[in-house]
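Trainee: Encoded as structure tokens, here's the structure I'll be asking about.
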Amino acid sequence: MKFGKEFKKEMVPEWIEAYVDYTGLKQILQEIRRFKESNQHPTPATSLDQRLALYRNFSGLNLQGSVQNTSDIENQVIAVNTVPHENYRKFYKTKFLASPEGAENEISFFDKLDHEFNKVNTFYKDKVDEVMREVTLLNKQMDALIALRIKVMDPGFNAFPSLQSLSLDINNSTPSRITSPLRMTVVDTDDMPVSPSFDPTYGRQVSMTNASYPKLPINRNSLRENRDTDSQKTDPLEILDHVKIVNTFESPISTIRGVLSESKENDLSYKKEELKKVEHRLKLIFIEFYQKLSHLKHFSYMNLSAFSKILKKYEKITSRKAARSYLKMVDNSYLGSSEEVTSLLDRVETTFIKHFSQSNRREGMKILRPKHKREKHRITFMSGFFSGCSIALLVAVILLRDDRKLIDKDEGTSYLDKIVPLYSFYAYIVLHMLLYAANIYFWRHYKINYAFIFGFKQGTELSYREVFLLSNGLAMLVLAALLMHLHMNSRAEVYGTHIEYVPLGLIMVLLSITFCPFNIIYRSSRWFLIRCVFRCICAPLYKVTLPDFFLADQLTSQVEAIRSLEYYICYYTWIKPSHGHNMCQSHNVYNIFYFILAIIPYWFRFFQCVRRLFEEKDQAQAYNGLRYFLTILAVVIKTAYVLRKSLTWEVLVILSSLITTLFNTYWDIVVDWGLLRRKSKNKFLRDKLILHHKSIYFTAMVLDVLLRFAWLQLVLRFNVHSLQGSTVSSIFACLEVIRRGMWNFFRLENEHLNNVGKYRAFKSVPLPFAYHEEDDHKEE
């Protein structure tokens, strides 16, 4: 694989704008090559031995002021100088020493190269600053954790050695700040006017930092000698007097307590359950922190490789010696010389293994470095096999229907109307799964980090092949049951009433697979789905995450599938199975709930918006909640119109339906997709686009408007006289599922671009402890 493709493949998707523009630099080099070939000026040849000697001297050189080598200065074509910049940062500027005649492209190349290097170096420096501030917070969090462990597990244990050894684990051989565990401290150095500091109460930043970090000196001998003396002077467990538990309101109980007490922090209870929760949250924080360090190390390595590769290409094309001088500067820059990340990786591994994996290095490293999921050939084979079986079974069902002439007889048509709603439920689910598989394929193709957006654990996310396998497997199972049902019905005298229990047996099989506790058929994904569904049902009591409201949005497009569940209940409880769908519709209770069930998904989303409004104080959530409330109101008005038909109710139905449709369409395109921006570089779209063809976005907007009217028919059930039976509802239900599949792609594209704009590549896990500083200097 060529380096350019490998470089693009290895990028962190959310940091893609921070990487060196390797493709842009190559394009400039191609222009230089075309210029050289068109002018055909002879260039000084460089022997292979001279080039090898030059490449051997790329590293290990020192940079002082401008980069020059006095021994071969006549061969150098550039000089790299440091330029002072704001915030005490070093910026680099290359001066082209060769004759500028005909070298405009080469000057442009080095200008671009300088710009890209300064961008990469600044980004890396800022991220390391951020990491070092997090180290200070993690030190204090771990001190509190060890103290809490001792207090809960063994109150009589001498706490000082444990706390001191922890300090050595995290701080030794790593850059750090000399910060008191309970007080905010600002350290002045000669190279750095102001060092960063953090507010101890939940990590609020006080001042920004500069570049270099002083190492924390630790005298192990003095620590050993003074350990007993220090333990007599101060009790390390006193740290718990300054600590409270941060209430994240992630569970119903914590939410209710938070509403009643109106406090975001709770006093320590010193119970084992509390200790387990704290350990679990800190474990997640360390995993995310380690991933961030790993990405930073890889970011540095890939960019350094890119600069080396592009300079080699420049020397090969121009036969000028420039790589040596520029790489000297790169090696001595913060990007090339910083060792903070490497040191921190080692110390985080040691700390995590010791305190979160019971000193089992193998288990600890499995958690910190989960293996990437490998594509298996048998998945592709089984997907093809199931899809082939599904097509064959579908053909068999059609042939069996025509052979028995069910469609031509009134009795047969009535029978199909009775059983089709029992199986159409699965058709909507299969169609939705196929569209989700297509979404995953295009998300991966366009480097949209859907696994991070949904919060999937690395190595457990389903690929499009696996989703395609599950959808085809479900389709095969449903079609096999339908074929068996039709065959048994033709021999009703043999099977009797047992025929009617085939659909019920099918749904029981699927429920048993879904809730199967054994580690088969993607257990982690099944539990993730069940957890999200449960959180949707209990929407106001749980903290709303993106998977929760994304799933609730999917449910709003499965109204007809939810109504099929009502038909299941009616079919097997209220009436005799032989009577079928018409008898269900004769019940007023059934008809009322037929409309009420359409409200349930929107009710979930409404409560999720209310929860986010109170939690995030975001006014947009109020408008979003209003949108779902208007949808609920439109369904209620339609229900009232069905029960009491009058001109007034008919006018109210039309008005509420139009307002709801227009509001939802506007929200889809403008808010969820981020399109139709007034001041966008791309007219009527947005500044950043992942798809290269702009016409796709305009086509999607038009389709969304048209298919929204299909959604209107689905929810409100207007009569279409040209279509009979359940055909109209099935057609519009499928159109709504297709619209949702299209919506899914552009919704996640917009979310991914928002993450890219904020360089947000890691989950934010709230810290478990909040420090409360006692101000000893109040009396002055």
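Placed from the backbone N, Cα and C atoms, the Cβ positions cover glycine too.
Pulled these from TrEMBL:
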{"type": "DOMAIN", "residues": "1-328", "note": "domain 'SPX'"}
{"type": "DOMAIN", "residues": "585-779", "note": "domain 'EXS'"}
{"type": "TRANSMEM", "residues": "379-400", "note": "transmembrane segment"}
{"type": "TRANSMEM", "residues": "420-443", "note": "transmembrane segment"}
{"type": "TRANSMEM", "residues": "464-486", "note": "transmembrane segment"}
{"type": "TRANSMEM", "residues": "501-521", "note": "transmembrane segment"}
{"type": "TRANSMEM", "residues": "587-604", "note": "transmembrane segment"}
{"type": "TRANSMEM", "residues": "625-643", "note": "transmembrane segment"}
{"type": "TRANSMEM", "residues": "649-675", "note": "transmembrane segment"}
{"type": "TRANSMEM", "residues": "696-714", "note": "transmembrane segment"}
Trainee: Looking at 379-400, 464-486, 501-521, which one has the highest count of Cβ pairs under 8 angstroms to the transmembrane segment (420-443)?
Mentor: 464-486
Trainee: What residues in the same chain, six or more past the boundaries of the transmembrane segment (379-400), come closer than 8 Å to it by Cβ-Cβ distance?
Mentor: 463, 465-466, 468-469, 472-473, 475-476, 479-480, 482-483, 486-487
Trainee: On the 0 to 100 scale, where does the mean pLDDT of the domain 'SPX' (1-328) fall?
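Mentor: Reported value for the domain 'SPX' (1-328) is a mean pLDDT of 69.
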